[in-house]
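Structure first, then comments.
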Amino acid sequence: MGTSISSWENVGAYFTFADNPLALGLFTLGAAAIIVGLIASIAKHENEAFEKIEKK
Amino acid sequence: MVETPTLESLQATLAAQQSVFEMHQAMNVEVFYWWCTAIMIMIHAGFLAYEMGASRSKNALAAGIKNILALAVIIPTFYLFGWWIYNAFPNGFIPIEASGALPWAASMGPDVTDMGTGIFWAAFAMFGATTGSILSGAVIERIRVSAFLILTVFLGSVVWILAGAWGWHPDGWLLTELGYHDVGASGVVHAIAGFFTLGVLINLGPRTGKFINGVAQTISPHSLPMTLIGLMMIIFGFFGFLGGCIIFNGGETGWTTIYNNPTNLSAFAFNTLMGFAGGVIGCYIASRDPFWTMSGGLVGIISVAAGLDLYDPELAFIIAVVTGVLAVKVAKIIENLGIDDAVGAVAVHGFTGVWAVILVGVFAGGMPNVGDLPPITFTGQLIGAAVMLALGFIPGYALSWVLKKCNALRVPKEAEELGLDEVEIIAKPYPEANGVPAVSESDVPNKLANL
């Protein structure tokens, strides 16, 4: 569904969704969200791990 | 009967040959930077071994996973905004048009007509990851991984590449206004990362037990041999790094520096190896310590990297020896100030990087740049070095200060004493050594099933 070309003649950017700025924008947001989510999840894991020590 | 070629047919053949030649030349450029990037991965393998070895065994895996994650977050963030920063900010803080470097641009993905962007992006992303690794080693055993990743993204995908835009971009203001010369990234990578690290270390504070009544104590690495091997792997990776600092041009131009003046890999080879040797000798003379002797290889290369294309190899050797001695002294001064830099990153990268930029002004002042660009001058290099120092230190200090105020920078004292592997990591580096059997009976297939 992401095909951006129909032939290899005179082709330039041919990656998936290359002709769909909206999709590329959404992928950008998705990639950024993953990084933010990763760091947030690590912070949560750390907080939980540190709380366990305090309870011991 | 053989047909006599016509002028038109000869021209057509020549054009076809020219086309083949140009395509192969473009492919050679890609191949060169592809392998530079691959070799640069060895820098990170080296930093991984170096940091894990430098940690106590109770923190070995936490140090390792922090380093691996740094690489994993810098690559996508450098794609999302780092490459755009490089292309948009050569003039300072006001961006210029650089929409082709935004993550949704056609050139930021597979494109038959673009055989340059991806490969240069990759090399630059690895430079950024190197800055993250420089920070990573210094802060081992007490920084929160989440805080470290925020800091490393800021360093590896924002701060260093802004310095790159100023001092490495063909239109960077340090070059166009001051004739700044920093071919091997002593300033834009090492000084930036080293002084960013210093800013973080001030807010982070020393490891518990590092200073007793103000006297610095030795916290021994749990595996000095692993650390030494890691350092040598970084030296190997440096050949990819420095290869990535030279421009492989098409056409008749041949090799140039990033500042467009002619050079070649032979020039780089002379001075990289002479710098390495000099740095090892200098640090050995100053310390007699295995860790510092091997770190001297880094010091030596960084000390000559800014002028790698310009120095007489014997001068490069002498510079590296002297800088090696000085770097050990600087590390002692930093420690005496109560700053706990676990791997000497501020001295090895920060001090040496700034020093290297200044030395280009001392020894190569007056060298011309190409075209209308101003020549290299001592003043220009001095200003450039000061810019690198400030651009590294201020963001590192400011962001870590904010994290500290949010109580998000450092692990609790209890966790530090127990060891971060025990508290945060689901595996143990040396289970038998800690009385934990390597194989234990379990109702579940393995430990991951409990996650």
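Cβ coordinates come from backbone N, Cα and C, glycine included.
Taken from TrEMBL as is:
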DOMAIN    B:32-425  domain 'Ammonium transporter AmtB-like'
TRANSMEM  B:32-53  transmembrane segment
TRANSMEM  B:65-86  transmembrane segment
TRANSMEM  B:118-140  transmembrane segment
TRANSMEM  B:147-168  transmembrane segment
TRANSMEM  B:188-205  transmembrane segment
TRANSMEM  B:226-248  transmembrane segment
TRANSMEM  B:268-286  transmembrane segment
TRANSMEM  B:291-308  transmembrane segment
TRANSMEM  B:314-331  transmembrane segment
TRANSMEM  B:343-366  transmembrane segment
TRANSMEM  B:378-403  transmembrane segment
Paired segments the transmembrane segment (B:343-366) and the transmembrane segment (B:291-308) in contact, 3+ CB pairs under 8 A: yes
Highest-contact recorded stretch vs the transmembrane segment (B:147-168), from B:32-53, B:118-140, B:226-248, B:378-403, CB pairs under 8 Å: B:378-403
Model confidence over the domain 'Ammonium transporter AmtB-like' (B:32-425), averaged pLDDT: 96
